[in-house]
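So that you can see what the record holds, here are the features copied from TrEMBL:
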ACT_SITE  163  active site, charge relay system
ACT_SITE  196  active site, charge relay system
ACT_SITE  348  active site, charge relay system
COMPBIAS  403-430  compositional bias 'Pro residues'
COMPBIAS  431-444  compositional bias 'Low complexity'
DOMAIN    57-123  domain 'Inhibitor I9'
DOMAIN    155-387  domain 'Peptidase S8/S53'
REGION    383-444  region 'Disordered'
SIGNAL    1-31  signal peptide
């Protein structure tokens, strides 16, 4: 499995500072092409990765079988190859994870019912250490005007933070935060013990620190107490969001790893189901096209900027980055107590600014597709404002509207009927009353 990490650096924090070493990268967008680098695939994808998890693999089935067929094929393969199935995927991916020996994995990979087998990988959270980020989001140019005045609050939008979990009791969530699911299975039951996911959620939907101040936010815990997870845990979280999202919805992935086809495929399928994704570009100061899920073209991949609109040295770059947003010294929710805050930096902090703007857009455009959301954000972004954006990076800085209002179809005029002469009625005998008839229901 690919290791996934949360890209960030913790600066001054109330309580203990968390420092995670990022192992991986970030994600792409709608208006760009997929990376064209050709790779000759080994029989088992990811088997040579330093982040590979021994003994567990992701099996992706060929074609696009139905949920019922996926289950049947999973059972058939498990029996034929003596596999221990760990998790089944029937929403974002079509396949399963399993405990296998390398020999079993190779045999399964050769089966015609299988598209590919990938070794499970480790993922970690992406962090580097108003809030000034909100202030910067709603103005075109510096200096900051010390104001943040969105016209809506996104109370009709659901936000899914796929991360280290959430601390629902924090006062900045105002009772709008809850646990969605927990794919780690260590007894935390979705409650954040690392602090990264809650910080991200606070930037998206906190009353004080958030962009979309009334959105409902759900923690999807796929990374453990040190900000680490695997392909299996991340895909399981994406699977849950795909199957259970209350739309309009936006998901945030402030995590990443080395190239991971299964995770990219899960993100792609989830977006195709109607959920927009904001993804951190990663903090390795490298090409974001070499990390997952940052490289997935349908996602909106976000690089970081500082208070001077300059790309910090850690932020990934390249053609897979769609736009940049505030990601240095961002203050948001902490998990020490219901009023705690912490300051962090990283593309993990930039992506939730974008997710918050997506939530505000969906608030007034609830029927918008992810492609339409991406188009609106990219067209509205401020061009040529980022200093040193990095090689091949599009120079776009996040900007909060105003967006074009949703279009409504022009009604087709109803033709005026030609009047017809009223015939002279023939005299009839008055009928005997039969009682008051019950009226039929009118269409509504």
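Numbers here mean position along the shown chain, with the first residue as 1.
Positions of Cβ are set from backbone N, Cα and C atoms, glycine also.
Small disclaimer: the values here were computed from a predicted structure and weren't measured.
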Segment confidence, the domain 'Peptidase S8/S53' (155-387), expressed as mean pLDDT: 98
DSSP-assigned states of the domain 'Inhibitor I9' (57-123) in counts, ordered helix, strand, coil: 23 helix, 26 strand, 18 coil
Pairwise Cα distance for residue 163 (active site, charge relay system)/residue 348 (active site, charge relay system) [Å, integer]: 10
Count of other CB atoms lying within 10 Å of the CB belonging to residue 163 (active site, charge relay system): 32
Residue 196 (active site, charge relay system) versus residue 348 (active site, charge relay system) - Cα distance in angstrom: 9
